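These notes are about the structure you will find just below.
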DNA sequence: TTAAAATCGCTGGTC
DNA sequence: GCGATTTTAA
């Protein structure tokens with residue numbers, strides 16, 4: 001997916017070449033085609049180095065070339081002396097692959113991975129020192145929340161008023177700051193449930209310990225404590241890691257920063273102290289503050305690592321001049337930047353386009369149409385992306401793309417292992433691998449239904465607590481047997497016997513085969529076979545896929561770890577598709593054409609962020625806008641809608657303040673749709689004001705009898721300053737107040753009864769044949785033969801016998 | 001204990 | 001406007 005921009009522009013030759021010295025120039029081939037700062041970033045291997053890499057300046061190329069250089073030039077005796085840390089598995093994979101490609105052979109032994117994956121590796125080796133068994137379980141957010149719910153219940157705290165996931169995010173934030181329960185500042189322990197926050201955090205940690213489990217935050221914290229308490233172990237890693245590389249340094253949180261400092265700051269001893277740490281990042285692309293990232297880390301780098309050098313990569317190989325111009329002006333409105341000036345020698349290209357539309361559906365229609373027209377002009381769908389601020393916005397585009405028959409992918413949708421059936425199957429395996437995994441056991445004790453409901457579970461918990469036993473042990477306890485009804489008793493001992501048998505089978509048989517056996521004998525697959533719901537077959541397919549995936553691992557434990565830390569949706573479908581995703585998940589990617597819908601106050605900048613963190617959040621939102629714009633190679637097209645449904649309610653919206661920051665010289669209003677008519681932003685002193693005045697024509701179809709006469713009551717054109725948003729916005733507000741009823745009228749005059757009847761056979765371009773299950777006005781619930789149940793507007797289906 | 005009905009609350013997201 | 005969760009009825 002991600003392409004190295006430099007690959008397209010300044011180094012067309014294949015790079016499979018082995019790194020032998022170019023005799024004539026006396027330098028390794030892999031340095032060819034690097035610009036001077038890039039080269040410096042690769043060659044400066046000793047001492048701390050910060051590489052400030054602007055968007056599209058060849059950051060990944062520098063990182064991989066640097067690793068290749070360390071290996072090829074003999075700076076390290078073995079790749080395992082290099083530690084390369086990333087934030088995502090994808091980035092780690094990409095770096096591994098590209099380093100191998102650069103060197104011409106697979107690189108083995110390199111320590112490359114996410115912070116968490118590397119921590120697990122260190123922690124498994126030294127688990128006892130952290131009070132864990134080396135086969136500890138890694139809990140995901142789901143497990144975490146269920147555990148916290150139990151703790152809240154135990155403390156008699158109303159989880160309506162104090163929801164478990166709020167506590168979870170609180171604990172998460174503490175862990176991001178590397179704070180253990182006893183280190184919490186006094187006032188922060190008060191943060192939850194009238195002062196019980198700190199106590200609950202401590203209880204949670206204690207519970208994790210007894211469960212032999214870690215959450216994601218713990219992985220880092222345990223390793224930090226380990227290093228702090230056992231200098232000998234830290235020294236061992238100091239000896240091993242001669243060179244440390246960090247990707248996306250601007251995204252590190254306090255815990256990750258401490259972790260890196262411990263590893264990078266070899267404080268002496270027999271070995272000479274060296275801080276060979278190279279951090280690559282871009283303060284302008286710091287968009288994870290809400291997740292605990294500290295931009296301060298990158299801003300402070302030179303103080304933290306004395307003698308640090310800073311290299312700036314500023315030549316952009318990705319975007320056109322207009323796109324860079326607009327993006328640079330936008331980000332310049334932020335304060336507290338390290339400062340970079342991106343430039344390109346690739347020419348100006350097309351200006352960034354900005355279009356105002358009436359409402360969200362029209363926005364989707366406009367983008368859909370434009371994609372179709374790009375497609376007819378021969379543009380590949382893979383090179384087109386729609387980047388939204390928030391996940392829920394993807395829906396309107398999905399619907400539109402489906403009706404247009406344009407294939408698309410939603411990046412960052414629900415993941416394979418987040419599906420219920422996968423988590424259920426995993427729970428079985430977890431109990432087999434680790435009988436004390438109470439959370440897993442609880443999940444499947446009555447799945448499929450075996451008559452062990454809440455009553456039985458409560459008794460089980462009682463006995464377990466009384467005797468301090470894991471649930472699976474308590475399940476055999478005579479005390480419990482006395483309490484349960486015969487039926488439940490039989491059912492529970494049967495299940496326990498099953499687990500014993502499966503555990504034995506695992507010792508002798510292939511683990512993939514055992515998995516199949518477990519799913520079959522537990523009645524789990526049977527449960528889905530019985531299930532009449534249309535997604536049941538899909539779930540069975542997923543289970544099959546799970547078994548296949550397990551087969552690819554050496555053992556069950558290896559698989560369980562993989563799924564917790566690494567597994568993501570692998571797209572094996574090769575077809576060309578439009579990408580739809582959030583701005584956050586677009587970071588690091590690039591596309592020829594980028595659509596940026598929803599640039600409206602409240603949505604972007606996001607109101608919730610602003611409420612939480614004020615100006616700091618506004619700057620982060622602006623960086624997000626910057627990230628969005630700089631994803632585009634050739635074309636960026638921004639949209640804002642005047643009306644949008646929020647939680648099912650129509651609401652008027654105002655153009656985003658970020659539009660103010662876009663300089664006139666790099667932006668063009670969308671005249672193609674006639675939205676702006678003869679208005680010209682430069683001449684009229686603010687395209688926003690002009691745009692709505694001329695809106696009548698284009699919205700004529702929506703506003704049948706629009707009582708809207710903007711031209712009469714809006715006077716402008718004498719504005720000498722830049723975009724006159726403030727005024728435009730106040731006009732818009734008036735406008736919307738009067739326009740709102742028009743929508744209602746429209747809804748009332750629209751046909752409300754569908755020509756289709758329940759039971760009728762229909763055909764849909766995308767979903768194929770199906771039967772109408774329900775009719776609600778013009779909306780149909782259709783049970784498709786292949787695609788399952790969908791809600792579809794009747795206009796998108798035809799009667800089956802007319803096809 | 002289970003299934004249907006009603007209510008709630010949300011929608012920035014990696015590991 | 002939807003899905004998850006909780007409440008209610010059987």
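Yeah, the Cβs are placed from backbone N, Cα and C, and that goes for glycine too.
No curator has checked TrEMBL annotations; they are predicted automatically.
Feature annotation from TrEMBL assigns compositional bias 'Basic and acidic residues' to A:1-10. Annotation comment: TrEMBL describes A:1-23 as region 'Disordered'. Taken from TrEMBL, the feature ATP binding site applies to A:53, A:54, A:55, A:56, A:57, A:58, A:59, A:60. What TrEMBL lists as domain 'UvrD-like helicase C-terminal' is A:321-588.
Of all the binding-site residues listed here (A:57, A:60), the one with the fewest other CB atoms within 10 A of its own CB is A:60. If you take the C-beta of residue A:54 (ATP binding site) and look for same-chain residues 6 or more apart in sequence within under 8 angstroms, you find A:282, A:284, A:312, A:313, A:314, A:316, A:340, A:342.
DSSP assigns residue A:59 (ATP binding site) to a helix in the three-state reduction. Confidence across the domain 'UvrD-like helicase C-terminal' (A:321-588), taken as the mean pLDDT and rounded to a whole number, stands at 89. Note: residue A:53 (ATP binding site) has non-local neighbours A:59, A:62, A:280, A:281, A:282, A:313, i.e. same-chain residues 6+ apart with C-beta under 8 A of its own C-beta.
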